[in-house]
Structure formats: C-alpha cells, structure tokens
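Okay, structure first, notes after.
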C-alpha cells in the first residue's frame, strides 16, 4: 500500500504547481517558439549607413604565396663574369612549425621488437586490472555478511519512515525546475553587407636546393713594365691594321659584302642555337633511328632473314629483292653521279649528285646515307658545281674526295660539321679545264702526306698531294691519241688530246693503272712514264664508262661502254676474253667482293644484270628492271663489302637497295668427306679455269 500513496501525492503536487504558474502569469514557452516570432535586425552603434550601390560593390582580396618579408636584393659572386650578380629568384617559403622525427617500418627488425614490447606492456597492465577488480569484488561480498542482522532490523523499521521523505524530495526538485528562468538562445547577427569571400589555397611545390662545387678558373699574375715608346708603337700598329681593313672593304664588291654579312648572321645564329641543339642531337638521332626501324620493320626483317625459296626450283637463275629507297628533296632533280661504300662502317655509303647534261648544269650535293635511317641522310653537303665522282679514304674513312664538273677537286672532312670542304683546288693553284670524271685515293707518299689521283676529259691524269693544308698537283701523264698529229705550215706539230673518262689502279702493282677514254680506247699506263703508254687496247666503239681490275685475279679487268657492251680482258692479251651485249648503253659495272666470277652491270633502260661466269658464261643469270619508271636511267651500281646487297642510282636522284637471292651468291658445295676450300687462291683458280678454256679456243682459231 505504500506505493499508491506516493503516486497520489506526486499528482497533486504537479497540479498545484501548474495552478501557481497560471496565477503568477509566467510564460513557460518563452524562447522555445523563437521561429514563429518576427526577427528584428540588431545594428551595432558604429555601423555605417551605405546605399544599395555601395552595398553591392565587391571587394576582392587575392592571396599570394610570396613572402612580403623576403629580401629582394640578394647578390652572389659570379666566377664566370668576375662580378657580383643580382639573384632573380628568392626563396619565398616561411616556416611556421617544424619537428624532427623518425619513422620505423613495421616490417623491419626494430619495428617488430617495438611492437612486441608494446604488446608485453599492454598485457601486463590488463593483468594488473583484472587482479585489482577481483580483490574489490571479494571485499564487497564480505561486508554484507558481517552486518546482515543489523541491515534486516533496520529495513523493517525504515520502510515505514522512507515513504513521506521521498515524497518531499520529489516536490522540491519539480519546484526548482519550474521556478528556474528560461535563458533565450544566442542569435547570430546577420551580415548587413553584400559580401562574398572567395579564397583558394594553391599547392606549394616543395623547395629544392641545388648546389654545385667547382674549382675557380686558374689565374696567373702578369706584370710588365711599359714605357712611352712601346705604347706609341702599339698604337701605330693598331692604326695600320685598321687602315688595311678599310682598304680591303673598299676593294670588295657590294655583292661580296652582302654574302659576308649573310654568312656572319648564319654563324651567329648557329652559335646561339648550338648550346641547345648539341645537347639533343645524339638522343634525337637515336630516337629517329628507332622510329625508322619500327616504320620499316618488314624491310629490315627481309634484309636480315629473307631468302627466296623459289631459287631451289629455278635453273641457275636468281632475283633481286627491293629493300630501301633513299631520296632527298634537295637532290630530287639531280642525277646520281657516284656511289661509294664507307670502308669502316659497312652500313654507310656516300652519294654524289650532279648532272650529265651539258645544257642543264646546276648545283651539286654530297649525301651520306645509313641503312639504319633511310628517311634522311646522316651528312649533307652542297656545292656550287655538280659533283661527278667521289672516293672515301681506306685508313681515314671520314675523308671524302670529290671531283666537280667545273674541273676542281675538293676534300670533305665528316668530323667537321660546316658545309664547306676543308681543302679545294682553285684556278690559281691549278685545276682541270674539263669535268673530273673519276678520283681515287692512293697510298701516302714518302713524307706520309695524303695523296689522290684524278682524271679529266682535258687529257690529264693529275696527282694531288696535301702538303701543309694546301693541295699541290703534278701531271702524271697527258693522253694523246695515236696517229692524230697534224703539221702546221710553220713546222709545228699539233697532237689531238685524248679525253679520259675512267681509270683504276692495280691492286698489287702500285705504279700500273688503266685509263678509259671517250674514243673507246683503254691505255695501260705507269706512274713512272709520262710520255708513253705500256699498252693500248681497242676496246669499244664509244666512250668507256668504267674500267675495273678484278679484286682477286691480278691479270683480269673489266670495261663497259655506251656501245651496249661489257668486256672482260686479260691485260697480257689485246683481245677481250668475254663480250656481253646488253641491248642498251651500260652506265656502270662492279665486281662482287665475295667471288671472282660474279659481277653486276646496269643499263640506261632501267635494268640490272648480274653475271656469274662459273654458272653461265654466255648470259646473265639475273636480268631485272629495278626502277619505278621506264624513263629513269640507271647510272651507277655498287656491291656492299659484307652484306649480300647492291645499291643502284638513277638519273632522278633515287638510290635503291636490292638483296641478292641465294642463286646469285652460290658458294661451292660441300662434298662428303671433303672440306670446302675458301680464300683468294680458290677464287683465282676458278677464274683461271674459265680463262684457260677461252685461251685454248683462241689458239685453235
């Protein structure tokens, strides 16, 4: 029954409290219904009264990362210029807080040890907590056992007195809650200005310190005493030099002055750009070759691995597989007048561009291509006159000698980047009066000076020697046609000059060489005799285009002519051993480096002919057109020294690389129990066997 009494008392208390509130007239809900009341603007006393236009005006504030306290006048000493230079870049970083700490990787040994140590400490603390909690529980259980009797007695007596005391306490708590004044919530003052704030924080890059330690440039102390006479003499010398330069400038034509100015501008522009370009040239060249290798990947695969399987079913016939095509826009309308492989770098070859047409003479070009980059030449040189021939030095593969249409000769150095030749003949120092048709490097003379020979249609064979950076020439022989002397009424004799078109030096006998002429004759000459020939061959009916000694057999040479024929000779016999008619003017011939019986010839009808005398001594084993258009005339051909390829050039400036099929480079077959013999002796014996057959037939007839 005591619980019912408590409930009735509590209800009566609450009702009485409400009556008191109503009588007093206090508002209990003040502050709770704030949203339903009208909001009054509260203005601070010092606020300005602004118009609507002034309120709408925007004020922007830009935050920058620059430190306003950073110094702007720091200077440092420049060893290069020898003065103090103002530093343009100043560090704008301001450090507000820095703390030095260290992190230990969890996977390291030290990290594992630290983790294990923390676990041990945490485990020990937990065990201590468990022990203390158990002890407290035991103490609480013991206290009720001691005073059980006392507690039971007090409970019976106190149960009757607790009920009115609890009622009194609840009444007091309720009265305190109701009588407490309700505090209104703090209201945030609204902004009276049309203010928009836009801020952005940019990411500041971490500062980097770059330092370099260098040695200061070497310095020397120079001291001298000068008197008035020495100073006067120095001023006089300087004035004389200035007068001489003025006289030279007056003597120069305005055209020469303009060309000099243009050259100086080009040099200065090149110098200004050289610092940036030279750093990238090597990397750019490598990247360009990689791109070309990807572009012409199928051609590179054919060059390396493809072998024409159809040759097994052909009877002693072969084919030429086109690989790369080399061309340049600047040499588009110039004919290919010379081809030469580099003796050291087997993928590099030089091309001479000019014109064989007397009426269409223009500039010339010397280009060097690499099979690694068929899209653009590795080196490029231009000349005012057309280049008609060239040759590369065996011991110094960076030296290229060329012969021009105007009769001059020049030497280019590939190590020097400028476009002008290092050495060049002039009309003053001596030159040919007609086009130079062929040049050949020779062994150095007794003083170890560079030496080369040239032949021209002016009838002179000239030896050029490079002495102290100057070209010195000596006429070795002057060609004269036999039986062409005419007598003048005054009693003098006029000799008709023979026009030299091609020549070649013997591989073993240094002094002996062959010269082909426009009259169709071939002269065997010696460096020792300048007045007479060792022998004369009535070779062709038209101009001799090329004369070549066999690379293996010392007695055999080959010639070709515009009379459609290719002839193979033994220099001890005045009649040819083999004659081949190709039905068109023959532009050039070349011996194969891998066999004494294989050679190639090109004709003006756009065909390439490959012969192997050991396979077929009557006709070519390959006869194939290799140019895109029939109008294009092939002018030159060359075998690669190590790879089974040839390059041919036409009169439109195009160079085509062709791969020889297996039938065109047949090697002797291996017999059971016998080793295949290789070497020059085998090649000489193979060609001798063919020549002996021809000699026997000639002796019988």
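Placed from the backbone N, Cα and C atoms, the Cβ positions cover glycine too.
Those TrEMBL annotations? Automatic predictions, nothing curated.
Per TrEMBL, region 'Disordered' is recorded for 1-45 (among others).
TrEMBL lists 131-165 (among others) with the feature region 'Disordered'.
For 136-155, the entry in TrEMBL reads compositional bias 'Acidic residues'.
The region 'Disordered' annotation in TrEMBL covers 199-222 (among others).
Panel annotation: around the repeat 'WD' (537-570), residues 501-509, 514-524, 576-591, 593, 596, 599, 601, 603, 613, 680, 683-684, 687-688, 691 of the same chain, lying at least six beyond its termini, place a Cβ under 8 Å from a Cβ of the stretch. The feature repeat 'WD' is assigned by TrEMBL to 537-570.
When pLDDT is averaged over the repeat 'WD' (537-570), the result is 89. Across the range of the region 'Disordered' (199-222), the DSSP-based residue counts are 0 helix, 0 strand, 24 coil. Broken down by DSSP into helix, strand and coil, the repeat 'WD' (537-570) contains 0 helix, 20 strand, 14 coil.
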